[in-house]
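Take a look at the structure below.
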Amino acid sequence: MPRPISARIHLEAISHNLSRARAHSPGSKVWAVVKANAYGHGIRHVYPALDNADGFALLDLDEAALLRELGWKGPILLLEGVFEPSDIAFCEAHDIWHTIHNEAQLRWMESRHTSHLHKVFLKLNGGMNRLGFKPELYAAAWERLQALPHVGGITPMMHFSDADGSRFGQSGIAYQMEVFAKVAGPLGVKAGTLSNSAAILRHGAELAPLSEWVRAGIMLYGGSPDYPEHAPEHWDLQPGMTLSSQLIAIQDIQTGDTVGYGSTFVAERPMRIGVVACGYADGYPRHAPTGTPILVDGVRTRTVGRVSMDMLTVDLSGIPQAMPGSTVTLWGDFHAPDGEVRRLPIDDVALPCGTVSYELMCALARRVPVSVD
Ligand SMILES: *Cc1c(COP(=O)(O)O)cnc(C)c1O
(Lines of atoms letter the chains of each structure in order from A and count residues from 1; the text may use other names and numbers.)
(Lines give C-alpha, C1' and ligand atoms only; values in the text may rest on other atoms or scores of the structure.)
Protein backbone atom coordinates (compact mmCIF):
# COMPACT_ATOMS: atom_id res chain seq x y z
CA MET A 1 0.00 0.00 0.00
CA PRO A 2 1.31 3.48 -0.80
CA ARG A 3 1.62 6.01 1.99
CA PRO A 4 -1.94 6.95 2.89
CA ILE A 5 -1.70 10.67 2.08
CA SER A 6 -3.57 11.94 -0.98
CA ALA A 7 -5.19 15.02 -2.43
CA ARG A 8 -8.59 15.03 -4.10
CA ILE A 9 -9.60 17.74 -6.53
CA HIS A 10 -13.31 18.54 -6.50
CA LEU A 11 -14.40 19.48 -10.01
CA GLU A 12 -17.98 20.29 -9.11
CA ALA A 13 -16.79 22.67 -6.42
CA ILE A 14 -14.43 24.40 -8.85
CA SER A 15 -17.15 24.88 -11.48
CA HIS A 16 -19.46 26.13 -8.77
CA ASN A 17 -16.80 28.66 -7.74
CA LEU A 18 -16.41 29.77 -11.36
CA SER A 19 -20.14 30.42 -11.45
CA ARG A 20 -19.72 32.62 -8.36
CA ALA A 21 -17.14 34.69 -10.24
CA ARG A 22 -19.62 35.13 -13.07
CA ALA A 23 -22.44 36.07 -10.72
CA HIS A 24 -20.29 38.83 -9.19
CA SER A 25 -19.11 40.17 -12.57
CA PRO A 26 -22.22 40.81 -14.64
CA GLY A 27 -21.37 41.49 -18.26
CA SER A 28 -17.67 40.64 -17.94
CA LYS A 29 -15.74 37.78 -19.42
CA VAL A 30 -13.91 35.63 -16.90
CA TRP A 31 -10.28 34.60 -17.07
CA ALA A 32 -9.73 31.44 -15.06
CA VAL A 33 -6.30 32.05 -13.56
CA VAL A 34 -4.43 28.74 -13.63
CA LYS A 35 -0.86 29.89 -13.00
CA ALA A 36 1.38 27.75 -10.78
CA ASN A 37 -0.22 24.59 -12.14
CA ALA A 38 -3.67 25.83 -11.20
CA TYR A 39 -2.60 26.91 -7.72
CA GLY A 40 -1.24 23.42 -7.08
CA HIS A 41 -4.39 21.60 -8.21
CA GLY A 42 -2.98 20.54 -11.60
CA ILE A 43 -4.03 22.16 -14.88
CA ARG A 44 -4.89 18.76 -16.31
CA HIS A 45 -7.12 18.02 -13.35
CA VAL A 46 -9.04 21.30 -13.20
CA TYR A 47 -9.40 21.84 -16.94
CA PRO A 48 -12.73 19.95 -17.25
CA ALA A 49 -14.18 22.09 -14.42
CA LEU A 50 -13.10 25.35 -16.03
CA ASP A 51 -13.58 24.75 -19.73
CA ASN A 52 -16.57 27.06 -19.82
CA ALA A 53 -14.45 30.00 -18.64
CA ASP A 54 -13.95 32.63 -21.33
CA GLY A 55 -10.19 32.23 -21.21
CA PHE A 56 -7.25 31.01 -19.18
CA ALA A 57 -4.63 33.29 -17.67
CA LEU A 58 -1.23 32.07 -16.54
CA LEU A 59 2.48 32.83 -16.59
CA ASP A 60 4.36 29.83 -17.97
CA LEU A 61 4.61 29.15 -21.65
CA ASP A 62 4.61 25.40 -21.14
CA GLU A 63 1.36 25.65 -19.19
CA ALA A 64 -0.11 27.61 -22.10
CA ALA A 65 1.04 24.88 -24.49
CA LEU A 66 -0.51 22.24 -22.22
CA LEU A 67 -3.90 23.97 -22.44
CA ARG A 68 -3.70 23.87 -26.23
CA GLU A 69 -2.78 20.18 -25.99
CA LEU A 70 -5.84 19.59 -23.82
CA GLY A 71 -7.93 21.03 -26.62
CA TRP A 72 -8.54 24.60 -25.44
CA LYS A 73 -9.08 26.79 -28.50
CA GLY A 74 -10.15 29.99 -26.76
CA PRO A 75 -8.11 32.88 -25.36
CA ILE A 76 -5.00 32.32 -23.26
CA LEU A 77 -3.26 35.27 -21.63
CA LEU A 78 0.31 35.43 -20.37
CA LEU A 79 -0.06 37.61 -17.27
CA GLU A 80 3.61 38.62 -17.23
CA GLY A 81 3.93 38.66 -20.98
CA VAL A 82 6.91 37.23 -22.81
CA PHE A 83 10.32 36.77 -21.21
CA GLU A 84 12.47 36.98 -24.32
CA PRO A 85 11.94 37.92 -27.98
CA SER A 86 11.63 34.30 -29.18
CA ASP A 87 8.57 33.90 -26.95
CA ILE A 88 6.74 36.20 -29.35
CA ALA A 89 6.97 33.51 -32.02
CA PHE A 90 5.58 31.04 -29.48
CA CYS A 91 2.58 33.33 -28.96
CA GLU A 92 2.04 33.40 -32.71
CA ALA A 93 2.32 29.62 -33.07
CA HIS A 94 -0.20 28.94 -30.29
CA ASP A 95 -2.29 32.09 -30.66
CA ILE A 96 -1.51 33.30 -27.16
CA TRP A 97 -2.37 36.79 -25.95
CA HIS A 98 0.23 38.55 -23.85
CA THR A 99 0.72 41.36 -21.42
CA ILE A 100 3.10 44.20 -22.20
CA HIS A 101 4.34 45.63 -18.95
CA ASN A 102 7.75 47.12 -19.72
CA GLU A 103 9.85 48.90 -22.30
CA ALA A 104 11.76 45.76 -23.33
CA GLN A 105 8.60 43.90 -24.28
CA LEU A 106 7.41 46.93 -26.19
CA ARG A 107 10.68 47.06 -28.16
CA TRP A 108 10.57 43.34 -28.91
CA MET A 109 7.13 43.85 -30.39
CA GLU A 110 8.37 46.84 -32.40
CA SER A 111 11.17 44.83 -33.94
CA ARG A 112 8.96 41.85 -34.81
CA HIS A 113 7.71 41.53 -38.35
CA THR A 114 4.85 39.13 -38.85
CA SER A 115 1.47 38.79 -40.46
CA HIS A 116 0.07 37.41 -37.19
CA LEU A 117 -2.21 39.82 -35.36
CA HIS A 118 -1.21 40.04 -31.71
CA LYS A 119 -3.76 40.69 -28.99
CA VAL A 120 -1.97 42.48 -26.17
CA PHE A 121 -2.85 43.68 -22.69
CA LEU A 122 -1.02 46.87 -21.80
CA LYS A 123 -0.35 47.01 -18.10
CA LEU A 124 -0.81 50.18 -16.11
CA ASN A 125 1.16 50.56 -12.90
CA GLY A 126 -1.74 51.87 -10.86
CA GLY A 127 0.33 52.33 -7.72
CA MET A 128 1.28 48.81 -6.76
CA ASN A 129 4.73 49.33 -8.26
CA ARG A 130 5.30 45.81 -9.43
CA LEU A 131 4.58 45.64 -13.15
CA GLY A 132 3.37 48.15 -15.67
CA PHE A 133 3.87 51.59 -17.13
CA LYS A 134 3.46 54.57 -14.85
CA PRO A 135 0.37 56.68 -15.59
CA GLU A 136 2.39 59.46 -17.24
CA LEU A 137 4.11 57.02 -19.60
CA TYR A 138 1.09 54.93 -20.44
CA ALA A 139 -0.40 56.86 -23.35
CA ALA A 140 2.93 56.89 -25.19
CA ALA A 141 3.24 53.11 -24.83
CA TRP A 142 -0.35 52.71 -26.02
CA GLU A 143 0.33 54.82 -29.13
CA ARG A 144 3.48 52.91 -29.98
CA LEU A 145 1.58 49.63 -29.85
CA GLN A 146 -1.31 51.05 -31.81
CA ALA A 147 1.09 52.08 -34.57
CA LEU A 148 2.20 48.48 -35.12
CA PRO A 149 0.46 46.70 -37.99
CA HIS A 150 0.80 43.35 -36.19
CA VAL A 151 -1.06 44.51 -33.08
CA GLY A 152 -4.71 43.64 -33.55
CA GLY A 153 -6.07 44.84 -30.22
CA ILE A 154 -4.98 46.46 -26.98
CA THR A 155 -6.77 45.99 -23.68
CA PRO A 156 -5.81 48.02 -20.62
CA MET A 157 -4.85 46.02 -17.57
CA MET A 158 -4.25 46.95 -13.95
CA HIS A 159 -3.82 45.06 -10.68
CA PHE A 160 -5.17 46.19 -7.29
CA SER A 161 -2.85 46.17 -4.31
CA ASP A 162 -5.59 46.44 -1.68
CA ALA A 163 -8.80 45.01 -3.10
CA ASP A 164 -9.01 42.67 -0.11
CA GLY A 165 -9.20 45.51 2.40
CA SER A 166 -8.73 49.23 2.72
CA ARG A 167 -6.02 51.69 1.80
CA PHE A 168 -5.13 54.36 4.33
CA GLY A 169 -8.69 54.31 5.63
CA GLN A 170 -10.28 54.47 2.16
CA SER A 171 -11.81 51.72 0.08
CA GLY A 172 -9.04 49.45 -1.19
CA ILE A 173 -9.82 50.24 -4.82
CA ALA A 174 -10.81 53.94 -4.85
CA TYR A 175 -7.34 55.34 -5.43
CA GLN A 176 -6.45 52.99 -8.26
CA MET A 177 -9.85 53.36 -9.91
CA GLU A 178 -9.14 57.07 -10.13
CA VAL A 179 -5.72 56.44 -11.64
CA PHE A 180 -7.31 54.11 -14.17
CA ALA A 181 -10.02 56.58 -15.12
CA LYS A 182 -7.47 59.37 -15.64
CA VAL A 183 -5.38 57.24 -17.95
CA ALA A 184 -8.14 55.41 -19.84
CA GLY A 185 -10.39 58.44 -20.40
CA PRO A 186 -8.12 60.36 -22.82
CA LEU A 187 -7.44 57.13 -24.73
CA GLY A 188 -11.16 56.72 -25.32
CA VAL A 189 -11.32 53.30 -23.61
CA LYS A 190 -13.84 52.57 -20.92
CA ALA A 191 -13.06 49.01 -19.88
CA GLY A 192 -10.16 46.65 -19.46
CA THR A 193 -9.15 44.02 -16.96
CA LEU A 194 -8.64 45.13 -13.38
CA SER A 195 -10.07 42.65 -10.92
CA ASN A 196 -8.61 39.70 -9.06
CA SER A 197 -10.79 37.53 -6.79
CA ALA A 198 -10.89 40.10 -3.98
CA ALA A 199 -12.04 42.85 -6.33
CA ILE A 200 -14.59 40.54 -7.99
CA LEU A 201 -16.16 39.50 -4.71
CA ARG A 202 -15.96 42.78 -2.79
CA HIS A 203 -16.39 45.35 -5.56
CA GLY A 204 -17.92 43.44 -8.47
CA ALA A 205 -20.86 45.74 -9.09
CA GLU A 206 -18.79 48.91 -8.92
CA LEU A 207 -16.13 47.52 -11.25
CA ALA A 208 -18.46 45.88 -13.76
CA PRO A 209 -18.62 48.91 -16.11
CA LEU A 210 -14.79 49.00 -16.21
CA SER A 211 -14.39 45.28 -16.70
CA GLU A 212 -14.32 43.70 -20.11
CA TRP A 213 -12.57 40.82 -18.35
CA VAL A 214 -12.07 39.83 -14.72
CA ARG A 215 -9.30 37.54 -13.45
CA ALA A 216 -10.52 34.93 -10.99
CA GLY A 217 -7.80 33.01 -9.18
CA ILE A 218 -8.00 31.93 -5.55
CA MET A 219 -11.80 31.99 -5.47
CA LEU A 220 -11.94 29.23 -8.10
CA TYR A 221 -10.10 26.95 -5.73
CA GLY A 222 -12.26 27.83 -2.74
CA GLY A 223 -9.94 30.16 -0.84
CA SER A 224 -11.35 33.42 0.46
CA PRO A 225 -9.27 36.38 -0.74
CA ASP A 226 -10.19 38.45 2.31
CA TYR A 227 -10.05 35.88 5.08
CA PRO A 228 -10.46 36.25 8.06
CA GLU A 229 -12.82 39.15 7.39
CA HIS A 230 -14.87 36.78 5.26
CA ALA A 231 -14.68 33.00 5.29
CA PRO A 232 -15.10 31.06 2.03
CA GLU A 233 -18.60 30.16 3.18
CA HIS A 234 -19.55 33.85 3.25
CA TRP A 235 -18.74 34.06 -0.45
CA ASP A 236 -20.41 30.70 -1.12
CA LEU A 237 -17.11 29.15 -2.20
CA GLN A 238 -16.44 25.43 -1.91
CA PRO A 239 -13.06 23.78 -1.37
CA GLY A 240 -11.39 22.76 -4.61
CA MET A 241 -9.04 20.40 -2.82
CA THR A 242 -9.11 18.02 0.11
CA LEU A 243 -5.77 16.92 1.54
CA SER A 244 -6.19 13.85 3.68
CA SER A 245 -4.12 11.12 5.25
CA GLN A 246 -4.36 8.63 8.10
CA LEU A 247 -3.13 8.04 11.61
CA ILE A 248 -0.22 5.61 11.44
CA ALA A 249 0.54 5.42 15.19
CA ILE A 250 -0.82 6.45 18.56
CA GLN A 251 1.15 7.34 21.67
CA ASP A 252 -0.25 7.45 25.20
CA ILE A 253 1.75 10.07 27.06
CA GLN A 254 1.94 11.24 30.66
CA THR A 255 2.04 14.68 32.26
CA GLY A 256 5.42 16.23 31.50
CA ASP A 257 6.10 14.07 28.42
CA THR A 258 7.05 15.91 25.26
CA VAL A 259 6.21 15.39 21.59
CA GLY A 260 8.42 15.74 18.54
CA TYR A 261 11.62 17.61 17.65
CA GLY A 262 12.72 20.30 20.05
CA SER A 263 10.25 19.07 22.69
CA THR A 264 8.18 22.16 22.02
CA PHE A 265 4.98 20.50 23.26
CA VAL A 266 4.85 19.41 26.90
CA ALA A 267 1.76 17.47 28.06
CA GLU A 268 -0.05 19.10 30.97
CA ARG A 269 -2.02 15.92 31.60
CA PRO A 270 -2.07 12.34 30.37
CA MET A 271 -3.25 12.32 26.77
CA ARG A 272 -3.37 10.38 23.51
CA ILE A 273 -1.32 11.65 20.60
CA GLY A 274 -1.99 10.62 17.00
CA VAL A 275 0.81 10.45 14.45
CA VAL A 276 -0.30 11.50 10.94
CA ALA A 277 1.38 10.49 7.68
CA CYS A 278 1.84 14.07 6.49
CA GLY A 279 4.81 16.37 6.87
CA TYR A 280 6.46 19.36 5.33
CA ALA A 281 7.78 17.23 2.47
CA ASP A 282 4.14 16.83 1.46
CA GLY A 283 3.63 20.57 1.46
CA TYR A 284 2.13 20.96 4.92
CA PRO A 285 3.70 24.07 6.46
CA ARG A 286 6.51 23.32 8.90
CA HIS A 287 5.75 26.50 10.79
CA ALA A 288 2.22 25.32 11.69
CA PRO A 289 2.13 26.04 15.43
CA THR A 290 0.65 23.83 18.14
CA GLY A 291 -3.08 24.45 17.88
CA THR A 292 -3.43 24.45 14.10
CA PRO A 293 -6.86 22.94 13.33
CA ILE A 294 -7.12 19.46 11.80
CA LEU A 295 -9.86 16.82 11.55
CA VAL A 296 -9.53 13.23 12.81
CA ASP A 297 -12.46 11.06 11.73
CA GLY A 298 -14.19 14.35 11.00
CA VAL A 299 -13.69 15.70 14.53
CA ARG A 300 -11.92 19.05 14.74
CA THR A 301 -8.83 18.93 16.93
CA ARG A 302 -5.36 20.51 16.88
CA THR A 303 -1.80 19.74 15.92
CA VAL A 304 0.75 19.53 18.73
CA GLY A 305 4.53 19.99 18.55
CA ARG A 306 6.63 20.54 15.47
CA VAL A 307 5.73 19.34 12.02
CA SER A 308 8.46 17.03 10.76
CA MET A 309 9.35 15.99 7.22
CA ASP A 310 6.96 13.05 6.90
CA MET A 311 4.81 13.21 10.01
CA LEU A 312 2.89 15.51 12.26
CA THR A 313 1.22 14.91 15.59
CA VAL A 314 -2.29 15.66 16.80
CA ASP A 315 -4.22 15.82 20.06
CA LEU A 316 -6.68 12.92 20.31
CA SER A 317 -8.30 14.10 23.56
CA GLY A 318 -12.03 13.71 23.10
CA ILE A 319 -11.66 11.38 20.09
CA PRO A 320 -11.51 7.98 21.86
CA GLN A 321 -12.56 6.13 18.70
CA ALA A 322 -9.47 7.33 16.80
CA MET A 323 -7.05 4.52 15.94
CA PRO A 324 -4.35 3.78 13.39
CA GLY A 325 -6.07 4.01 10.02
CA SER A 326 -8.42 6.79 11.09
CA THR A 327 -8.86 9.42 8.40
CA VAL A 328 -7.14 12.74 8.97
CA THR A 329 -8.26 15.78 7.01
CA LEU A 330 -5.50 18.39 6.72
CA TRP A 331 -7.89 20.69 4.85
CA GLY A 332 -11.04 20.28 2.80
CA ASP A 333 -13.99 17.94 3.28
CA PHE A 334 -14.46 14.77 5.31
CA HIS A 335 -17.42 12.61 4.35
CA ALA A 336 -18.72 10.95 7.50
CA PRO A 337 -20.25 7.47 7.26
CA ASP A 338 -23.62 9.04 8.07
CA GLY A 339 -23.32 11.07 4.87
CA GLU A 340 -22.61 14.35 6.64
CA VAL A 341 -19.75 16.53 5.42
CA ARG A 342 -17.33 18.00 7.97
CA ARG A 343 -15.35 20.83 6.44
CA LEU A 344 -12.02 22.32 7.41
CA PRO A 345 -11.51 25.42 5.24
CA ILE A 346 -7.93 25.77 4.05
CA ASP A 347 -8.00 29.38 5.26
CA ASP A 348 -8.47 28.14 8.84
CA VAL A 349 -5.18 26.26 8.50
CA ALA A 350 -3.32 29.06 6.75
CA LEU A 351 -4.11 31.76 9.32
CA PRO A 352 -2.36 30.24 12.38
CA CYS A 353 0.56 29.40 10.08
CA GLY A 354 0.93 33.09 9.28
CA THR A 355 0.18 32.58 5.62
CA VAL A 356 -2.64 32.48 3.10
CA SER A 357 -4.51 29.65 1.42
CA TYR A 358 -2.66 30.45 -1.83
CA GLU A 359 0.67 29.36 -0.37
CA LEU A 360 -0.66 26.10 1.08
CA MET A 361 -2.32 25.08 -2.19
CA CYS A 362 0.71 25.93 -4.30
CA ALA A 363 3.03 24.05 -1.94
CA LEU A 364 1.34 20.67 -2.40
CA ALA A 365 4.32 18.41 -3.04
CA ARG A 366 4.85 16.23 -6.04
CA ARG A 367 5.01 13.08 -3.94
CA VAL A 368 1.35 13.47 -2.93
CA PRO A 369 -0.87 11.46 -5.27
CA VAL A 370 -3.71 13.55 -6.70
CA SER A 371 -7.05 12.25 -7.87
CA VAL A 372 -10.16 13.92 -9.17
CA ASP A 373 -13.79 13.61 -8.16
C1 LIG B 1 -2.55 35.70 -9.80
C2 LIG B 1 -3.15 36.85 -10.48
C3 LIG B 1 -4.53 37.07 -10.40
C4 LIG B 1 -5.45 36.23 -9.55
O5 LIG B 1 -5.42 36.69 -8.22
P6 LIG B 1 -6.34 36.03 -7.12
O7 LIG B 1 -6.10 36.84 -5.91
O8 LIG B 1 -5.83 34.62 -6.95
O9 LIG B 1 -7.72 36.06 -7.63
C10 LIG B 1 -5.05 38.13 -11.10
N11 LIG B 1 -4.26 38.93 -11.85
C12 LIG B 1 -2.93 38.75 -11.94
C13 LIG B 1 -2.12 39.68 -12.76
C14 LIG B 1 -2.33 37.72 -11.25
O15 LIG B 1 -1.02 37.54 -11.35
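Even glycines carry a Cβ here, placed using N, Cα and C.
Sequence annotations record features per position, and here TrEMBL assigns N6-(pyridoxal phosphate)lysine to Lys35. Around Lys35 (N6-(pyridoxal phosphate)lysine), a 10 Å sphere centred on its CB holds 18 further CB atoms from the protein chains shown.
Reduced to three states, the DSSP call for Lys35 (N6-(pyridoxal phosphate)lysine) is helix. If you look up TrEMBL, you'll see Lys35 (among others) marked as active site, proton acceptor.
If you take the C-beta of Met309 (substrate binding site) and look for same-chain residues 6 or more apart in sequence within under 8 angstroms, you find Gly279, Tyr280, Ala281. Under DSSP, Met309 (substrate binding site) is assigned to coil, being neither helix nor strand in the three-state scheme. Annotation comment: TrEMBL describes Arg130, Met309 as substrate binding site.
Residues or ranges marked as domain 'Alanine racemase C-terminal' in TrEMBL: 240-373.
Note: Tyr261 (active site, proton acceptor) has non-local neighbours Gly305, Arg306, Ser308, i.e. same-chain residues 6+ apart with C-beta under 8 A of its own C-beta. For Tyr261 (among others), the entry in TrEMBL reads active site, proton acceptor.
Sequence-distant neighbours of Arg130 (substrate binding site) (same chain, six or more apart, CB under 8 Å from its CB) are His159, listed in sequence order.
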